[in-house]
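Enquirer: Structure provided below as C-alpha cells; questions to follow.
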Amino acid sequence: MLAMHRVGSAGNTSNSSRPRKEKRLTYVLNDADDMKHCAGVNCLAVLKSLPPDGCDYLFTGSRDGTLKRWTLSDNDATFSATFESHVDWVNDAVLAGNTLVSCSSDTTVKIWNCLSDGACTRTLRQHSDYVICLAAAEKNSNIVASGGLGGEVFIWDIEAALLPIAKSVDATEDEISNGNTVIPMTNLRCINASNSLSVHNIQSHGYGPIAAKGHKESVYALAMNDGGTLLVSGGTEKVVRVWDPRTGSKNMKLRGHMDNIRALLLDSTGRFCLSGSSDSMIRLWDLGQQRCVHSYAVHTDSVWALASTPSFTHVYSGGRDLSLYLTDLSTRESILLCMKEHPILQMALQDDSIWVATTDSSVHKWRAEGHHPQKVFQRGGSFLAGNLSFTRARASLEGSAPVPVYQEPSFTIPGTPGIVQHEILNDRRHVLTKDTAGLVKLWEITRGVVVENYGKVSFEKKKEELFEMVSVPAWFTMDTRLGSLSVHLDTPQCFSAEMYAVDLNIFGAPEDLKINVGQETLRGLLAHWLAKRKQRSGSQASSNGDVPLGKDVSVRNLSYSRVEVDDGAENPTAMVLPSFEFSTSSSPSIITEGSHGGPWRKKITDLDGTEDEKDLPWWCIDCVLNSRLPPRENTKCSFYLQPCEGSNVQIHTQGKLSAPRILRIHKVINYVIEKMVLDKPIDGGSSDGSFGLGLSSGQSQLSLIADGSLRTGIKPWQKLKPSIEILCNNQVLSPEMSLATVRAYIWKKPEDLVLNYRVVQPR
C-alpha cells in the first residue's frame, strides 16, 4: 500500500493528541466555455507588439481566480491562454518585460512567462493577507512592488526571485524548467511587516524582498516611475506615501484625501502623481514641492481606476458611478466618454483605444484618442471640473447630467454570466443556480454538468417545484465566490452520504449494495490523475516503495467488484461509475494542498500523475488508491418497532432495532412479514427477537437484512400477503421512504424513532 504519514500541524508536538484540521479538496465546476471569464474582471495589462509577429496582447485577471491572454488584432481579440494557479480572486496584474506578475486574495504573488501556455513559474508567499495591488517599473523590467490588506508593501527583484534554488527535500509545486532538467523551487517566506519571522524552507541563499514598512492599515494602490527609483502607495490611511523602492525607506507623506485611496499613477519621471479616492476626488500632486497642486471633482462616487495619456497631460478615470471620464489636467476640462452598467475596476490604454474592466465578466474596448485627446473635446459636451467634491454631486442632482460621447464600445470580449444564487436540493446531488443573466439551471454536482437549463424563470418557484421529501447528510459545502460552483470536500464529513447502487441505475448491482457518494466523487475527480500515475509507474514499483499500481487500483475493498468491468485493473476509467464521470471537455478544476507548498489550482485533466502527498491531501490519496475511508458517525439509525394500538398482530422484537439510515420502509415491511411467518410463538419466543438477526447488546441489527443475508425466500414486497403498513406519528409511510427521511420529516424529534405496524385488511 502507498506509505501514508500524517504531518503534524504547526506547534503540535508528537505526544499531543489534539486533532488537526485536515486539508480540504475543492472542485470548481465550469459550464461549457473555458475560454471566457465567469466573474468580474479586476485587472488588465497590455503587452505592446514586438517584431516579428507584431501583435499586441491583452491580459485579464478575474474574480474567477484565473488570468487569460488575448491576441489583439485590428478589431478583434482571440483567446490564447489561461493562467490557472491562484485559488481566489486575481486582484492585479502587471507586466515586467515578458514576465507576467499577478497577485490574489489567496495572499500570494505569482510569476508567469507571459507568452507560455499558462504554467506558473514561481509563487511568492510573503503577504499575511489579501494582496490587492502591484506596480512595475516600465524601464526596469526587474522591479515589481506588491501591497495588500496586511499593510505590507514588498519590492521584488524578479530575476533574483526566479533564480534556481538548490534541490531540497521539501521542494514545492513551483518548478522552473531549465533546459531538460526540472529544478524544484522552494517557497520563500521571510519577515513580514509585523516582524513575525515565518521562515519556510529558506536556503542560505534564499531570496527575500525589500519591505517598505510604515503602513498601519490596508494598502489599496501602488505606482512606480519608469526607472524604478520612486514608489507611491495609498490605502485606508488616506495618505499618499512616497518610498525609495531600492531601500524601502520613506521619503514623504502627502495628506489631502478624505477617504481610502484606490488608484495611483506616476508620470515617467516621478515628479507628478495622480490619485483617485473613495472621497470621489482626483488629486494631482507635485512630489518636488510635496503638495497637492490640483484637485478635480469629476465623479459622484468612489474613483477606483485611473489611466493617463502617454504625455501625462490627460487622465481617464472610472469607478463606482459607472462613468468613464477624460479630464485635461491643465485646463480642468472634463468630458464623459461612456457610461457602463457596472462599476469600473481598471483600465488600460492601447493606442487610441482604452480597455475597460468592470464587475461584469465581459471586457469592453472604447475609443479614447489616447494620442490626440483634444479630438474628443472638439465634439462638445465638456464641463469644468470643480475642486470641491460636492460640486459634481450637486450638478448631477440639478439634472445637468453630461451626455456620454460614445454610446457603444468599439469591441467586446464577452464573458460568461457568473452564478449569483444557489440552492442545494435535498438529494444533495443536484444544485439549482441563477446567474447574472437571470438564467436558472440545475446542476448534477457528482458529474459537474448542467442537466437542465430552465431559462429565465422564478428561482423561488423552481426551488419549490423541485422540493423532494428526502434526507441525505450534508456531505459537502459550497459557495459561488468565484462566479461558478465551488464544491468543498472535508474529511470525514464528505464520506457521510450513502446511496443504494440501484438508485444510481448501476447495471447489475445487487439490490442492497451501498455506494459512498463522497468516495465515488473523489474517484471521478482523480480518474485522470490515476490513469497518468499508472502510465508512469508501469509494472515497476516506484522508487519510494509503492506497490505497482496495477495492483492497488484494482483493489476495491468493496462488495461490488463484480459490478465492475473485468479489465478494471488495466483501465482505471472503468473504475468510475457513470453517475460520477466528470466532463473532459469542460472539466472542473481542483483547489487543494498537500503537506508542502501551500494551496494550488489545476484542471483535473492537467494533473500528470506525479502529484503525491506533498501536493494532495493524504486522505484523498488513501481513499482513491486504497479504498480506505475514515471512521464515520451516524450511518445507522436506531428505532423501535411496535404494533399499532388495537392491532392483533404481535411480532417478537421488543428490543431496539438498528439499520442504515438509507434503509427503505419496504425493508421494514419485509422484516415484519418475515417475523410473522417465522416467529410462531411456540415457547414464548425470545424477548429480543434474535431469530438469525445477529444481536448486539439487545439491539437487533436490521443491517443484516439491508446487506442481503436474509433475502432467501422473500418475494418482492409488493406481492406479499398479508399486506402490512408502517406508520410514524399516525401517518402511513410510503414504502420508498428511507429511515433518515422519516426521521427528518415525520418523526421530527431527537429521541429514537418509533415505527408502528398494522395489517391492512383486504377490501
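Counting starts with 1 at the first residue shown.
Just so it is clear, glycine is given a Cβ too, placed from its N, Cα and C backbone atoms.
As listed in TrEMBL for this protein:
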- 1-22: region 'Disordered' (REGION)
- 83-113: repeat 'WD' (REPEAT)
- 124-159: repeat 'WD' (REPEAT)
- 212-253: repeat 'WD' (REPEAT)
- 254-295: repeat 'WD' (REPEAT)
Enquirer: For the repeat 'WD' (254-295), what's the mean pLDDT in this predicted model?
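Expert: Its mean pLDDT is 95.
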Enquirer: Summarise the repeat 'WD' (83-113) by DSSP state, stating how many residues are helix, strand and coil.
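Expert: So the counts come to 0 helix, 20 strand, 11 coil.
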Enquirer: Could you give the number of helix, strand and coil residues in the repeat 'WD' (124-159) as assigned by DSSP?
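Expert: Summed by class, the stretch gives 2 helix, 18 strand, 16 coil.
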Enquirer: Take the repeat 'WD' (212-253) and count its residues per DSSP category (helix H/G/I, strand E/B, coil), listing them in that order.
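Expert: Reading the DSSP string over the repeat 'WD' (212-253) gives 0 helix, 22 strand, 20 coil.
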